[in-house]
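K.L.:
First the structure, then my questions, so here it is.
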Amino acid sequence: MSSIRLSKIPSRAVRAASTAIRPACRGSQTGVTSSTTRNHSTTSSVSADELSHFSALASSWWDPMGPSRILHLMNPLRHEFIASCLAESPPPTTPVAGATGTSSLSPPPANLHYLDIGCGGGIFAESLARTIPLDPSAPAPTATRAASMTAVDPSAMLIQVAREHARLDPTVDTHLRSGKFKYLNTTLEDLLASPSPSTSPAPAPASSSPTPSPSNTTPSHPQFDMVTLFEVIEHIDPQTTTPQTFLSHCLRALKPGGWLIGSTISRTFPSWLLNQVIAEAPWPIGVVPRGTHEWSKFVNPPELQAWAQEGLMRAADSATTRGGASALEGTRWKCMGTIYVPGLGWKMVSGSESWGNYFWAVKKGV
Amino acid sequence: MRLLTQITLRTYVCPSCRHGAIAGRRRLATRAGQTPDIYDVVCVGGGPAGLGLLAALRASPVTSKLKVALIESQDLNKARSWTMDPNQFSNRVSSLTPSSKAFLERIGAWEHIEQERVQDYQEMQVWDGESGSRISFDWTMDTPAFEEMRTVATMTENSNLVRGLLKRIAASGDENLKLFSNTTVAGIENGVDLGPHGPDLSAWPILSLKPSGPISEGQASSQIAARLLIGADGINSPVRSFADIPTNGWDYNRHGVVATLALADPDTPPFPPYLRTAYQRFLPSLGGPIALLPLPNNHATLVWSTTPEHAAYLKSLPSSAFLAMVNAAFRLSMTDLKFMMDVKTSSSGQTSHEDELSWRVQHTPIPAQVPPMANAVQSGSIASFPLRFRHAAQYISPRVALVGDAAHVIHPLAGQGLNLGIGDIASLSQTIEYAVSHGMDIGDLLTLERYSSERYLTNSKIGGACDLLHKMYNVPGQGPVTWARSFGLDVIDKLPFVKSFLMKNAQG
């Protein structure tokens, strides 16, 4: 099966993807480039068709008037949704070393470590990295409180685009050089398989080290305070994995008490009309490139919630302590519909989940 | 209203010379490896718009941490220490709408403006010199009885405003702030890719600065990079040229004559006692309206839009004749006024203008709404400036935004010039605030397009309305245009809801 799907990839895209890697970048991701597609088709959630579709969009990814415009316009709402989750229930974090006596009135420190899965050209990852304070002891400049950002995507070409674009901003470039901001051309599965560096995910010198897991056994893979999954779950490969399995992996990357936050599209008649018929219509009606979405892969909020709960039970970090229903204790679920109004942009509309796009979040119990 | 005078005082560099200078610079380009000082916001121009934007950014907790710089070719210390006798007023005065004033209050600048020198007015009388049709504006329709009358607009000297804004900026501390006083922008070019060990600045504007006077506050650094470059640099904006944004418009072939006047006590004291009135009479045969706007202590500022020939004539008159002309312009018929514009001044200095006025006024029916007689003109306050219309094709470009006169210059007959500029900076500062709190790059087009979409149409509408009024009120005689505009004015005056709607629109 996997070989059939592989043969569908336009050879042009594969060549471009492998030649786009510059020598400078090779060092940081040894071994990834040569075997990217082959590995993914067997062991990962990455759909080869999807990979080629988005790689073809790489050159115009950051064009504000290009095919990804609608995604750019949605980006500020992602920050707002994350901020609303954190306002509701912030993850438990160790106080920043040196900042003693932080009262509840003082602004919270920027001490959350983020993982962005399926970062693409880096629209969200870069915008979050921009909010990381240059001085780690400074209070968080925004409600998202980012201390570090690790962004992964299976497309070597998009990672290349993302890195190139990050260099255009001196602040982001500094974070990229200091390691507070990382782009990894890898899959979630490979990331989780990588040995957990004890000081990872972000070895920022003066900042807090990531919170150790409250259980005695430290997980063998990297874990993060916040994991984001924007417009990804509807693009995974149903032939090699299920959204259920994929979500379990995402939750494994999450520290206890952390939030897994994503956005997707619901699979209902209005969403078919909006996303397939209207949004992908030819110019000037359409706003999304043709072939971006497959309606059958869309996910409804109740399905997502069920998968997330199932995933939480399976992904109990330490195999020994907890599993089953007790893993659901202290979890939270949050969902907010969002609608694109031409001329006005994206608006959060409570209760519009079944119309199409929506944000969702699940908090892992402590 | 008087923002235009500021432009005329700027040294003019013709566009082709400027292009040449910039092109030459570009070839010299930044030497490799030299990292310029990087700022988040660099504002070129230290007028009310540029300083207002800076003050707004410093006032917001979200944007106060941004590293900002302002470049002004004049000496900001002079503006800081500006002072004037309580009975003397600068002739560069602006009328602030309540929403502009509210913005200044919100950013904490209003409290730094000397309140003894500002004057609210609650009523406005506007009439047609040709037909006598009249309209009066006040908020009585929207104000409950027994409440104080609402302000139509507030008059303030630009120097008072600029000084207040500078004080507000100073009160925010000097962290992450650099004011380059006495400094001109020698050139703007794109930066270079500092890779592999630095960021790629090839799409960032880099400004080369050079001191314009002997004392310069920021001589240390001569090259600065801007994440967002603000053009608040007036009608001949170098920033606009750098961004290659074309501008459209025309000259009105009219001049605005300004002066500070002292008024006689009114015949009947105003009621309620705090009531102050602004007056504007359209003089179609003389090329535009004459307006008298109240200042404290029974003073007023004059703006008379007229042809360059009349403006030159008025400026050549001795002060007693000038006063006679101003008083005549609010009272006499078009025919009388045209006659008086040709009266020769006698060599003895004693003019016949006063005699002409006192004789003719006896034979003219005087409407009730005329302003009190002007009985003194402040020496040295008579000046004039050309009236122009300009509108930039865009307000934004990657890492560039234009505000104030750099983006638009309009006819001053509605006193909206500075208010449009303040509307720009209110919108732009909010746009920047939103971007910072949402991780957006403040110089990115996706960020800036919100500013442009909020302001472009509004400014076009008000600029266009002023242009239309100018054209309508330049048709002399008693023809159909005069009839139509007078009918329109009478109708609006008698339909309170239409008037209220128009006032709300004008207020912004």
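Placed from the backbone N, Cα and C atoms, the Cβ positions cover glycine too.
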K.L.:
Figure out which of A:D49, A:D135, A:D153 sits with A:R78, A:G118, A:F230 in the S-adenosyl-L-methionine site per TrEMBL.
P.N.:
A:D153
K.L.:
Please list residues from the chain of A:E231 (Mg(2+) binding site) whose Cβ is under 8 angstroms from its Cβ, counting only those at least six apart in sequence.
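P.N.:
The answer is A:L71, A:G118, A:S263, A:T264.
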K.L.:
Looking only at C-alpha atoms, tell me how far A:R78 (S-adenosyl-L-methionine binding site) is from A:E234 (Mg(2+) binding site), rounded to the nearest Å.
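P.N.:
That separation, Cα to Cα, works out to 17 Å.
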K.L.:
Far apart in sequence but close in space: which same-chain residues, 6 or more away, have a Cβ under 8 Å from A:E234 (Mg(2+) binding site)?
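P.N.:
Residues satisfying the criterion: A:T264, A:I265, A:H293, A:E294, A:K297, A:F298, A:V299.
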K.L.:
I need the CA-to-CA distance for A:H235 (Mg(2+) binding site) versus A:D153 (S-adenosyl-L-methionine binding site), whole Å please.
P.N.:
12
K.L.:
What residues, ordered by sequence, lie under 8 A Cβ-to-Cβ from A:F230 (S-adenosyl-L-methionine binding site) and sit at least six positions away in the same chain?
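P.N.:
For A:F230 (S-adenosyl-L-methionine binding site), the qualifying residues are A:R78, A:D116, A:G118, A:F124, A:I261, A:G262, A:S263.
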K.L.:
What does DSSP say about A:F230 (S-adenosyl-L-methionine binding site): helix, strand or coil?
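P.N.:
Strand, per DSSP.
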K.L.:
Measuring CB to CB from A:D153 (S-adenosyl-L-methionine binding site), give everything in the same chain under 8 Å that is also at least six residues away in sequence.
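P.N.:
Looking at Cβ-Cβ distances below 8 Å from A:D153 (S-adenosyl-L-methionine binding site), excluding near sequence neighbours, one finds A:G118, A:C119, A:G120, A:I159, A:A162, A:Y183, A:N185.
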